[in-house]
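TrEMBL has this to say about the protein:
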- Lys19, Arg33, Tyr45, Tyr129: substrate binding site (BINDING)
- Asp55, Asp60, Asp92: Mg(2+) 1 binding site (BINDING)
- Asp60: Mg(2+) 2 binding site (BINDING)
Amino acid sequence: MDKFLIDVTVEIPKSSKIKYEYDRKTSQIRVDRILFGSESYPQNYGFIANTLDWDGDELDCFIFADQAFLPGVVVPTRIVGALEMVDDGELDTKLLGVIDCDPRYKEINSVNDLPKHRVDEIIGFFKTYKLLQKKEVIIKGVQSLEWAKKEYQVCVDLMKQYGKLPKDEFIAKMQKLHPEHYQK
């Protein structure tokens with residue numbers, strides 16, 4: 001099986017309660033908020049440069065690793081699947097990957113190779129992390145590596161075609177062109 005390797009820029013270290021977010025306009029990672037509840041990020045969380053997801057941000061990715069990485073570092077990540085979800089009415093995919101340069105993860109090549117409990121932790125995190133904000137998150141399912149590859153390519157194409165649009169303008173345009181990706 002060919003590996004699907006992608007460089008992922010870390011926004012949020014594993015175990016952090018701080019929601020950092022990459023600002024494409026300034027090329028900086030900013031503090032967006034402190035999580036409202038008792039949750040913390042169960043794994044390192046980042047974005048994939050030169051992609052644009054349906055929520056108007058870069059495509060997100062969880063990186064399974066034993067260490068917490070600093071915001072802004074780039075981690076070689078082997079993609080193994082995806083979490084398909086809707087966050088506040090917008091399709092918001094999270095790719096799932098493992099650090100590629102750690103021998104402890106060399107046997108993990110698909111989402112089915114990940115410990116089920118670790119995947120359940122991420123699902124549980126997203127089901128609860130916005131409850132106190134009164135925002136809805138819908139988990140549509142855990143998807144395969146092949147599904148993740150297709151979604152990645154869609155996000156590369158969206159960035160090429162619409163990456164220069166302001167976020168609000170992009171979302172408004174996509175809601176008209178692709179209403180199936182929005183549930184508001």
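Quick reminder: no glycine exception, Cβ is built from N, Cα and C everywhere.
Values in this document were obtained by computation on a predicted structure and should not be read as measured data.
Feature map: TrEMBL annotations on the structure.
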| residue | record | Cβ neighbours (10 Å) |
| --- | --- | --- |
| Lys19 | substrate binding site | 17 |
| Arg33 | substrate binding site | 11 |
| Tyr45 | substrate binding site | 24 |
| Asp55 | Mg(2+) 1 binding site | 22 |
| Asp60 | Mg(2+) 1 binding site | 24 |
| Asp92 | Mg(2+) 1 binding site | 22 |
| Tyr129 | substrate binding site | 21 |
In terms of DSSP three-state secondary structure, what is the assignment for Lys19 (substrate binding site)? strand
Sort the binding-site residues Asp55, Asp60, Asp92 by C-alpha distance from Tyr45 (substrate binding site) and give me just the closest. Asp60
Given the binding-site residues Asp55, Asp60, Asp92, state which is nearest to Lys19 (substrate binding site) when distance is taken between Cα atoms. Asp60
Other than Asp55, Asp60, Asp92 themselves, what residues in this chain have Cβ atoms within 8 Å of the centroid of the Mg(2+) 1 site's Cβ atoms? Asp53, Trp54, Asp57, Leu59, Met85, Asp87, Glu90, Leu91, Thr93, Lys94
Take the mean position of the Cβ atoms of Lys19, Arg33, Tyr45, Tyr129, the recorded substrate site. Which other residues of that chain put their Cβ within 8 Å of it? Ile12, Lys17, Ile18, Tyr20, Asp32, Leu35, Tyr41
Whole-number Å distance between the CA of Asp92 (Mg(2+) 1 binding site) and the CA of Tyr129 (substrate binding site)? 15
Coarse DSSP state, helix versus strand versus coil, of Tyr129 (substrate binding site): coil
